[in-house]
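Q: Just lifted these from Swiss-Prot, have a look:
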type	residues	note
BINDING	CYS12, CYS15, CYS34, CYS37	Zn(2+) binding site
BINDING	PRO117, THR118, GLY119, SER120, GLY121, LYS122, THR123, LEU124	ATP binding site
COMPBIAS	414-424	compositional bias 'Basic residues'
DOMAIN	1-53	domain 'ClpX-type ZB'
REGION	409-430	region 'Disordered'
Amino acid sequence: MAKNDDKKQLKCSFCGKTQDQVRRLIAGPGVYICDECIELCSEIISDEFEEDIQIDMTSIPKPVEIKNYLDQYVIGQEDSKKSLSVAVYNHYKRINSNNNSNDDVELQKSNILLLGPTGSGKTLLAQTLARFLNVPFAIADATTLTEAGYVGEDVENILLKLIQNADYDIERAEHGIVYIDEIDKIARKSENPSITRDVSGEGVQQALLKILEGTVASVPPQGGRKHPHQEFIQINTTNILFICGGAFDGIDSIIERRTRVSTLGFGAEIQSKKDKDIGKLLKQIMPGDLLKFGLIPEFVGRIPIIVTLEALDRAALISILKEPKNALVKQYKKLFELDDVELEFKDEALEAIADEALKRNTGARGLRAIIEETMKDVMFDIPSKEEIAKVIINKDAVSTKMPELIEAENGKRTPIKLKKSRTRKGPETA
């Protein structure tokens with residue numbers, strides 16, 4: 001009988017302990033694992049994960065390295081890229097200092113305000129930063145937010161996007177970057193507090209204060225409004241970098257009124273809007289100007305770093321079309337190569353595209369739309385027309401929407417060998 005009992009005695013397949021020696025033994029297909037081995041495995045995984053987080057946070061590139069990477073994707077805005085690189089470096093340096101230091105001095109959080117005209121590169125700067133730092137990133141539109149209890153999105157939904165982009169890894173999300181666009185659209189309607197409820201303006205600013213400063217927020221896992229019978233995801237926003245962006249149309253007039261010297265009669269200097277250098281005016285912005293625009297003092301206090309961007313001129317728009325790593329010209333050439341068709345942009349065409357973007361006042365954001373309009377019919381026909389080997393975009397093509405088509409010598413195009421693209425992982429440090 002004793003021999004039969006020994007045979008029936010179950011053991012952990014990993015440590016060899018019998019079921020009598022452990023609290024619990026869990027069975028799998030042909031294997032067993034005890035509670036002690038499960039706990040040990042859990043500790044190993046947890047330790048490795050914490051090490052990974054620490055490595056990511058301690059290997060933050062220096063400001064020069066951050067700017068060098070931004071230079072590859074963002075044309076112009078030299079001062080803005082410098083300021084942003086320093087601010088981001090200091091943000092993650094602060095995280096490391098507060099995590100590792102026993103010092104009484106605790107470094108305060110500094111969120112960033114990107115201020116510049118439409119199409120100047122605000123969103124692109126934030127996206128490129130997050131990609132370089134290899135941290136989760138989320139974009140939110142401030143115009144969709146409303147104060148809790150009203151139709152629209154709660155501010156916590158911003159954090160849900162970040163959590164989703166971190167694959168629900170809360171610790172990674174807590175070191176991410178959130179870009180809130182159109183922040184100028186939540187300015188209160190007048191400088192004086194109103195007795196009526198401003199649910200999409202001042203109310204949203206009030207709701208954003210806590211997450212900007214740093215709090216443990218309760219986020220509904222499915223989004224939407226909170227209700228008392230659902231579970232929440234808890235996330236600490238203390239180490240999340242918030243970058244707010246907006247065009248702030250009209251703030252240049254506020255700055256000008258503050259900075260100009262009052263002159264009367266013949267000494268008065270009158271400038272038209274075209275003659276004003278709005279970029280220079282924006283560089284003189286002070287927190288008081290933001291208050292006059294309609295941001296509340298508490299909100300301005302939580303975005304202490306103000307980075308201004310200039311409107312892009314013709315030369316900058318032409319450079320954007322062809323110079324960055326993912327320039328639009330390069331993207332469209334690759335698209336055509338996938339159909340074994342060569343695409344050529346003449347310099348005169350790039351100039352015409354830039355001029356059209358300036359006319360529309362859309363900045364870099366409008367360049368893609370103009371190219372799409374120019375090549376819509378060609379992109380529709382090319383896959384079906386095997387005889388077309390090359391497409392040339394010249395100045396006339398931008399206005400007539402009729403690019404020059406060149407047929408293959410033998411009546412059928414030959415395959416184009418595509419270069420293999422190299423994907424980049426993690427931050428590139430020197």
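All residue numbers here begin at 1 and follow the chain in the order shown.
From the backbone N, Cα and C atoms, a Cβ is placed for every residue, glycine too.
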Q: Which one is it: of the binding-site residues PRO117, THR118, SER120, THR123, whose Cα lies the shortest distance from the Cα of CYS15 (Zn(2+) binding site)?
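A: For CYS15 (Zn(2+) binding site), the closest Cα among PRO117, THR118, SER120, THR123 is found at THR123.
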Q: Which of the three DSSP-derived classes (helix, strand, coil) applies to GLY119 (ATP binding site)?
A: coil
Q: Residues near the ATP site, PRO117, THR118, GLY119, SER120, GLY121, LYS122, THR123, LEU124 excluded, by Cβ within 8 Å of the Cβ center?
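A: Going along the sequence, the neighbours come out as GLY116, GLY245, LEU309, GLY363, ALA364, ARG365.
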Q: Report the nearest neighbour of LEU124 (ATP binding site) in space among the binding-site residues CYS12, CYS34, CYS37, comparing Cα positions.
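A: Ranked by Cα distance from LEU124 (ATP binding site), first place goes to CYS37.
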Q: Tell me, how many other CB atoms lie within 10 A of the CB of CYS34 (Zn(2+) binding site), whichever protein chain they belong to?
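A: The Cβ of CYS34 (Zn(2+) binding site) has 24 Cβ neighbours within 10 Å.
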Q: Taking the Cβ of CYS37 (Zn(2+) binding site) as centre, how many other Cβ atoms lie within 10 Å?
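A: Step by step: centre on the Cβ of CYS37 (Zn(2+) binding site), count other Cβ atoms within 10 Å, giving 18.
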Q: By a simple count, how many Cβ atoms lie within 10 Å of the Cβ of CYS15 (Zn(2+) binding site), its own Cβ left out?
A: 13
Q: Specify the nearest of the binding-site residues PRO117, THR118, LYS122, THR123 to CYS12 (Zn(2+) binding site), where nearness means the distance between Cα atoms.
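A: Spatially nearest to CYS12 (Zn(2+) binding site) by Cα position is THR123.
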Q: Given the binding-site residues GLY119, GLY121, and counting only Cβ atoms in the protein chains shown, which has the most within 10 Å of its Cβ?
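A: That would be GLY121, with the highest Cβ count within 10 Å.
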Q: Between GLY119 (ATP binding site) and CYS37 (Zn(2+) binding site), what C-alpha distance do you get in Å?
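A: With distance taken Cα to Cα, CYS37 (Zn(2+) binding site) is 56 Å from GLY119 (ATP binding site).
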Q: Within 10 Å of the Cβ of LYS122 (ATP binding site), how many other Cβ atoms can you find? Include all protein chains, please.
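A: LYS122 (ATP binding site): 26 neighbouring Cβ atoms within 10 Å.
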Q: Looking only at the domain 'ClpX-type ZB' (1-53), what is the model's average confidence as pLDDT?
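A: So the average pLDDT across the domain 'ClpX-type ZB' (1-53) works out to 76.
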